[in-house]
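Here the structure comes first, spelled out in structure tokens, and everything after it is commentary.
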Amino acid sequence: MLSAGLGLLMLVAVVEFLIGLIGNGVLVVWSFREWIRKFSWSSYNLIILGLAGCRFVLQWLIILDLSLFPLFQSSRWLRYLSIFWVLVSQASLWFATFLSVFYCKKITTFDHPAYLWLKQRAYNLSLWCLLGYFIINLLLTVQIGLMFYHPPQGNSSIRYPFESWQYLYAFRLNSGSYLPLMVFLVSSGMLIVSLYTHHKKMKVHSAGRRDVRAKAHITALKSLGCFLLLHLVYIMASPFSIASKTYPPDLTSVFIWETLMAAYPSLHSLILIMGIPRVKQTCQKIXWKTVCARRCWGP
């Protein structure tokens, strides 16, 4: 018999799943359609496609874990699912980092030679970082996969549960998040500095004039700031979710922490949609037509 609290958590998890599924699905369809329409790879569309695609998969992984964990707590494939989860989560972070670098490249205006050099090579550097990430994490995945088949045989007087050391290796995989998070913070900091210097120039030279560049700065910072907040919640909730799954597992705690984690891929998709005028207008039209159709067919 489910408790009222657990039933409420399940309802919240389903709502978050539907929001993330629709939001990220809309972004994937839009970015792919833009690529088909223009017949050329736009950096922005490619980043949004990768980011939304990773979030779409991440949303499914969270709901699968919540659905299957109570039934198959000791299943070996669930452990592989947790490793794949870490890889997709890190890929999502890398694409969010590329988005912050893209904003920084398009919006900021600095005259320092080092910045100009990085600005010219930002796209190629990003591709090399992504390639290096996949190679390193592929090697780590193979290593951890071998560990699953050959658990460590240490001193018989000191034995750790299989689940505990498995999650320890999942934490090792998660260490790949440090580099993209640092790059994200640096590029976001450069956006803040650029906004501050631009604001000072505008106060001196063009007071009262509509400032399009400042608006672009603020829109980008809102998106990146919300991402950082949601990602920090995701990171802080992850260890508690893992701890809740160790023996004896606490199902209510698992739902609490993974519901908090699910807010990251679902809510940020809405923030991205609000920052893309064409997608926002399309979603508003669809929502308005849905409401009108419901009124026409309603009682």
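The backbone N, Cα and C atoms fix where each Cβ goes, glycine too.
Relative to the membrane, Leu116 and Thr282 are listed by Swiss-Prot as lying on one and the same side. Counted over residue pairs 6 or more apart, the CB atoms of the transmembrane segment (224-244) and the transmembrane segment (83-103) come under 8 Å in at least three pairs, which marks the two as touching. Predicted-model confidence for the topological domain 'Cytoplasmic' (104-127) is 70, expressed as mean pLDDT. Counting Cβ pairs closer than 8 Å and at least 6 residues apart in sequence, the transmembrane segment (2-22) and the transmembrane segment (254-274) reach three or more and so form a contact.
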